[in-house]
Amino acid sequence: MAFVSIAPLASRCCVHKSFVSSREVKPLCRTIPTLGRCRRGKTVTPSISMCWTATVLDDGVQRRIANHHSNLWDDSFIQSLSTPYGETSYLERADKLIGEVKEIINSISVEDGELITPLNDLIQRLSIVDIIERLGIDRHFKNEIKSALDYVYSYWNEKGIGCGRECVITHLNSTALGLRTLRLHGYPVSSDVLEQFKDQNGQFACSAIQTEGEIKSVLNLFRASLIAFPGEKVMEEAEIFSTIYLKEALLTIPVCSLSREIAYVLEHGWHTNLPRLEARNYIDVFGQDPIYGTPNIKMTQKLLEIAKLEFNIFHSLQQKELKHLSRWWKDSVFSQLAFPRHRHVEYYTLASCIDIDPQHSSFRLGFAKISHLGTVLDDIYDTFGTMDELELFTAAVKRWHPSATKWLPEYMKGVYMMLYETVNEMAREADKSQGRDTLNYARQAWEAYIDSYMKEAKWISSGFLPTFEEYLDNGKVSFGYRIGTLQPILTLGTPFPHHILQEIDFPSSLNDLACSILRLKGDILTYQAERSRGEKSSCISCYMKDNPGSTEEDAVAYINGMVNKSLKELNWEFLRPDSNAPITSKKHAFDILRAFYHLYKHRDGFSVARNEIRNLVKTTVIEPVPL
């Protein structure tokens, strides 16, 4: 998980002034042994702006605490949320419209001679699939989507496709959209089809005057280029060309559905795109221009109404799940701890942005709970705990029994029991889906996670700077991607035999690449803040140690190159046609990476969850779509 802390602390022994009263403040700020706790119902809220160094009087323990802001989503606010969209009438209306759209889609197989002809039947099928997927309603049309793509693929050749099956000339828009869509659905298609759209100089060409049709073609070229596999130079060239083209187009075209779509795609791409956020955006895009993207205005209007209804119906389920999660947090020890980040609502938002299936409540809630646990443990190991306490907690996790709490300090006892109970509860839920005991999988993942934190704590304590390779090997585990992925996906209701799980979980290439990408990307955005509080180890500093004379800029450039290369390798591991694990089995693991990567577009979105992430919560969880 995104457990990297970025709070700028001056020293290892820093405790917030909220823990002390004015009469107790002396040089070095001596205070009472609160251990970061307060009475039930009274949370000590750290300030955003300052952090004081303090010493606990009774035992002389020196602690530091990051200046993380408090929980932004009060339980009373969450419990007050209400919506009418869980009523049966909305469900019935959505089901009726879904049936009507299926009839329209199935009728496309019979050309009407006007809208659907042998000269445009391929692009029309692709466009309909694309619209359905971007509106977030594709789970209702799986058979129709497969039928449409099978039809398109039957006419695919080494040069791509034209707009229709009887077109003798291939078309950039049809070929680019086809390449992207077919590849994402597991069809073996080569990027070599794009070579024919270069000029005699080997460059992608465009006309002197930008037309709407050309802009749409280049937009789909950009979208296709993001689904690149290793070694596909033409995809790299396509991405560079289309990025420049689209940025220039935004400066010249008026504000409209097309400009809004371009801006969204350039901002979120594919690896940082979240399906529910995308659906919310395209509801507005198609609402602004009902004929945008398809000639069948009747079908587009129905699809738009389905998307709005589905968004709001799921919104009613989100409220129920969020209320459960907020009560879980409020009634736990977490709400009494002042030092850690409280991001349970933000984690739930991520889960509900990548999985909107009503049957997957266990996945969404489990992901939020497990991720929040990981964040609290990160703040304990990274800042608050002493080395002796961390050794005790590490041993307790390996013992995995409630009796292990008797050796722990008071504030750790509650955290340990929440970890123990939550992991066991999720294991019982996963056992129902998998038909076998899954607790050992979870325990192994948590032990590895805690061990990686213990190693980092020792590095900080001793001032040791590891090699780049040693740091990354440990950092891939300490990021927490594995613990955030393993148990939640085992609750989905899909059986994961051992050989399938091995291609998703550790030590699979998919898991290793995801962990590497997130650790490297996280460090690029947080190393300066970590260095300011005395933490030497980061991929930046370790690279510079291994390469004397290199600068921070050199290190960042090298690591960005590693990330970009790894993203292409991850695309291949996710979509490769020869994999034993089907794409559907790997999708949640891949989407969890996209959720975390979304937070690291510009900065650590969890340590400071006030801007983009707060807006994400509001637009995808709190606020319904106007019908």
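Backbone N, Cα and C define each Cβ position, glycine as well.
Worth saying up front: this structure is predicted, and the values here are computed from it rather than measured.
Segment annotation: Swiss-Prot labels motif 'DDXXD motif' over residues 378-382 (candidates 118-122, 278-282, 378-382).
Packing around Asp382 (Mg(2+) 1 binding site) is summarised by its Cβ count: 23 other Cβ atoms lie within 10 angstroms of its Cβ, all protein chains included. A sphere of 10 angstroms centred on the C-beta of Asp378 (Mg(2+) 1 binding site) encloses 24 other C-beta atoms.
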